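Here the structure comes first, spelled out in structure tokens, and everything after it is commentary.
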Amino acid sequence: MTAETQNPSQEDTEFPCSIDIEIPFHTERLADVAHRTLSVDKELSSLVRRSFSLRNQPQEGSHAAATVLHVRYKATTNRMLRVAVNAFMESLYLVIEVMEHLDVDPGKKQAAKQA
Amino acid sequence: MTQKQPRWRGGLLALGCEGSANKLGLGVIHHSPTGEVTILSNVRDTFVSPPGTGFLPKDTAKHHRVHFVPLALRALAEAGAAPSDLACICFTQGPGMGAPLTAVAVAARALALLWDLPLVGVNHCVGHIEMGRAITGAANPVVLYVSGGNSQVIAYAERRYRIFGETLDIAVGNCLDRFARTLEISNDPAPGYNIEQLAKKGGARLLDLPYTVKGMDCSFSGILASADVLAAQMKAARAKGEDTFTEADLCSSLQETVFAMLVEITERAMAHVGSNQVLIVGGVGCNERLQEMMGAMAKERGGSVYATDERFCIDNGIMIAHAGLLAYETGFQTPMEESQCTQRFRTDEVYIKWRD
């Protein structure tokens, strides 16, 4: 959810190699957890720019929840882009694995308390 | 998770996550309302690289990512704890290797958010010190913290762990680990452990290695270079069929020299602060010869040496849980936006609010 500070055409010249990645999650909560976890660490290289945003599923209407984590990577060369995106994917995979095996569903917790 | 009868009553629980080097450790600790410390679980997986090599950041980070979830599940299961029992998630914020630190931090952040718990960043060195104090019960010792990544002599004064002496270049454990690579000694379970075992078979010949204590500090890179030269001489002589010293002699001589240096700078700090107690923490603290030499010095001063076993002197998650929970109990937390890891994190940067 970072705003671009340079005008698009100037940025595109400096960082010509880019990729957009969309990661759908089951719930808004999970997308938010992924976003907050992964946006903490800055990009190691000044030759790479990254921005996140949370978006709705494209086919849903205006009341849809923000369940899609959108990431845009821009870099000066394709090699830098590949290195940065690969590293991101490894961290993302870890976050998803943690969600899959270690998440405690708040809904289940409530039901257990009432039982 | 099934509801088991808790082994604790009241107080607070914390999960600690450690991964600054090649050991991934997780542990669950309990602090009772009266300050009693109980270790509920302490699990670890070590990334071992082939003989003649060291562990590289990228591979080590991958190891931690792969093993985090299984170890976390084990830590909770062995503790009989559920996420709802925990007060906070503690993780090593530094010092250490960048990629491995961050790998563990990412997982810790995710847990904190999923389980709606505060995050507590911990200084790795402070973790070692606090665990050493808790396990041994040493009141206010001079601490020798020696590992593959750190070599410091520390004494507590006015809410800081102050560094009285340290290595000017590489850690003593790094010197030993890299020499193990020269001799192509196995890294399983740890290169330093195998050097220790080999050294026990040596000792007939004490080889001449530079002794480099500089005031309160010492340096190890020169000794390593000299040891490497001797190892090359040994191999050359052997190739010619000449009688020469052995790997065991080299390991023994190296240990005797570096440990004597550590004893000297520790004693200097003890004289400064007027203490006769020594606490040895960090992976190199497992070494029995070092404990023996330090013990002899402490005894001469009318004191004693304290050390922990491999569960605690080798990097582990429980020390992070313990130090983290101590900080949390004073009101400390790490905001998500400030939870980046740092390779350089001085021991005296931490405000030790939980001590007088």
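In case you wondered, yes, glycine gets a Cβ from its N, Cα and C as well.
Bear in mind that the values here come from a model prediction, so they are computed numbers and not experimental data.
What TrEMBL records for the divalent metal cation site is B:H124, B:H128, B:D315, and among B:Y145, B:Y156, B:Y161 the residue it adds there is B:Y145. The substrate site in TrEMBL is built from B:Y145, B:V146, B:S147, B:G148, B:G149, B:G192, B:E196, B:N287 plus one of B:D177, B:D208, namely B:D177.
Taking the centroid of the Cβ atoms of B:H124, B:H128, B:Y145, B:D315 as the divalent metal cation site, the other same-chain residues with Cβ within 8 Å of it are B:S20, B:C125, B:G127, B:I129, B:S147, B:N150, B:V281, B:G282, B:M319. In three-state terms derived from DSSP, B:S147 (substrate binding site) belongs to neither a helical nor a strand segment and is classed as coil.
Spatial neighbours are here defined as Cα atoms within 10 angstroms of one another, and by that definition B:D315 (divalent metal cation binding site) has no neighbours among the binding-site residues B:G149, B:G192, B:N287.
There are 28 other Cβ atoms within 10 Å of the Cβ belonging to B:Y145 (divalent metal cation binding site). B:H128 (divalent metal cation binding site) and B:S147 (substrate binding site) are 10 Å apart (CA-CA, integer value).
The most crowded of the binding-site residues listed here (B:G149, B:G192) is B:G192, judged by how many other CB atoms sit within 10 Å of its own CB. The number of other Cβ atoms within 10 Å of the Cβ belonging to B:H124 (divalent metal cation binding site), over all protein chains shown, comes to 28. Cα separation, B:H128 (divalent metal cation binding site) to B:N287 (substrate binding site), rounded: 16 Å.
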